[in-house]
């Protein structure tokens with residue numbers, strides 16, 4: 001798909017940076033950060049797995065930091081009885097006033113749906129949770145989970161379907177993550193004090209090790225000095241820099257939020273008795 005004229009002008013005028021293509025590889029792009037031998041890279045750097053047992057979980061992070069961009073990763077989540085486990089996949093800066101953009105996949109009893117937990121932190125403050133069920137079994141096959149982050153908005157996508165939109169609301173005093181570069185992180189860990197039915201269902205360690213798989217990492221990103229891309233898919237080519245969802249994507253977003261959203265902080269009046277956060281209003 002060719003880059004549109006508008007997209008080209010956004011690249012040249014808005015960001016003044018050059019797109020450079022390169023091949024994504026887990027050996028080249030990520031460091032294993034914890035878990036001893038429970039995190040593994042194989043297939044020549046094309047596949048990565050994280051595992052969890054009673055002794056430890058595991059995790060990795062990107063070698064590069066990114067300031068704006070589109071991040072795509074295909075995951076196949078822990079199958080069977082994964083209650084108590086959390087597979088986290090997120091962007092984060094460092095420090096007490098860090099910014100963060102979260103996907104967290106909350107494990108389940110066999111046959112029950114996974115919950116996708118999303119959150120956005122700005123200047124160290126989160127509490128912006130939205131949760132969804134998925135419309136497919138995320139343990140049977142790989143599915144693509146994407147974060148689009150530009151100066152106007154953050155979009156969470158599943159198989160290129162938007163599930164959540166967090167717009168830049170600085171005009172009404174809501175901080176927006178735009179100054180702190182972030183790394184990509186992922187981890188598989190035990191959170192049976194809260195992950196499944198609020199902690200009522202504990203991890204069944206007889207089912208361990210629990211394993212999640214990752215492949216087809218793609219990124220398009222701009223820093224203050226350059227843009228880079230390792231994506232060859234038709235969903236890239238500068239489209240992440242667009243400032244608005246098109247009509248089809250808006251319909252898909254409404255479909256997901258109507259049928260699969262199970263929690264939205266913007267409707268939780270009990271949690272915010274003094275009034276909903278400004279971006280909700």
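For all residues, glycine too, the Cβ spot is worked out from N, Cα and C.
Whatever TrEMBL says is automated annotation, not expert-curated.
As recorded in TrEMBL:
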SIGNAL    1-23  signal peptide
DOMAIN    20-214  domain 'GH16'
ACT_SITE  100  active site, nucleophile
ACT_SITE  104  active site, proton donor
CARBOHYD  108  N-linked glycosylation site
Packing count at residue 104 (active site, proton donor) (other Cβ atoms within 10 Å of its Cβ): 19
Surrounding CB atoms that lie within 10 Å of the CB of the residue listed as 'active site, nucleophile', all protein chains: 18
Integer mean pLDDT for the domain 'GH16' (20-214): 94
Alpha-carbon distance [residue 108 (N-linked glycosylation site); the residue listed as 'active site, nucleophile'] in Å: 25
Under 8 Å by Cβ from the residue listed as 'N-linked glycosylation site', same chain, sequence gap 6 or more: 81, 82, 83, 114, 115, 196
